[in-house]
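Participant: Provided herewith is a single structure, encoded as structure tokens, for subsequent inquiry.
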């Protein structure tokens, strides 16, 4: 639709043209990054794609993670994610890198967010025992707690005593004995 337009009119006495009117189309950035889910494993690297047009008119480009602007200044962890290189590469993935990422591009006419790119980070189970030492008297009931954080979810869980399994289950929250 951009261009030069001229209005023209005529009747039985003649015709006339207006001075030209120049139309300039101003567009906010267009990002062709739809909603997506990326599955990745711990310690791998992943590139989150952000395709922006027009690229040469950008005044700012950044990524958010879970709604907060992501600082990508750590070159050992990130590359890209800028107006010059919109796609974001994350190195040496850790569980805290999982979440919802959005590419946000700005030019003089406005700001456009991409779709959500969900990074589903998978990692081996992480165990936390709340009490390293428990003291009790004979006949006392004690509670041993082991918290598990894993993705995907755990498929088995067990307690051992002196190398012998004393409890085995798919439910890590219940053991009596």
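Every residue gets a Cβ built from N, Cα and C, even glycine.
According to TrEMBL:
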type   : residues : note
DOMAIN : 29-118   : domain 'Ig-like'
DOMAIN : 125-177  : domain 'Ig-like'
Participant: Please spell out the DSSP helix, strand and coil residue counts for the domain 'Ig-like' (125-177).
Facilitator: 0 helix, 22 strand, 31 coil
Participant: Can you work out the mean pLDDT of the predicted model over the domain 'Ig-like' (29-118)?
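Facilitator: A mean pLDDT of 95 is what the predicted model shows over the domain 'Ig-like' (29-118).
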Participant: What does DSSP give as the helix, strand and coil breakdown of the domain 'Ig-like' (29-118)?
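Facilitator: DSSP classes over the domain 'Ig-like' (29-118) add up to 6 helix, 44 strand, 40 coil.
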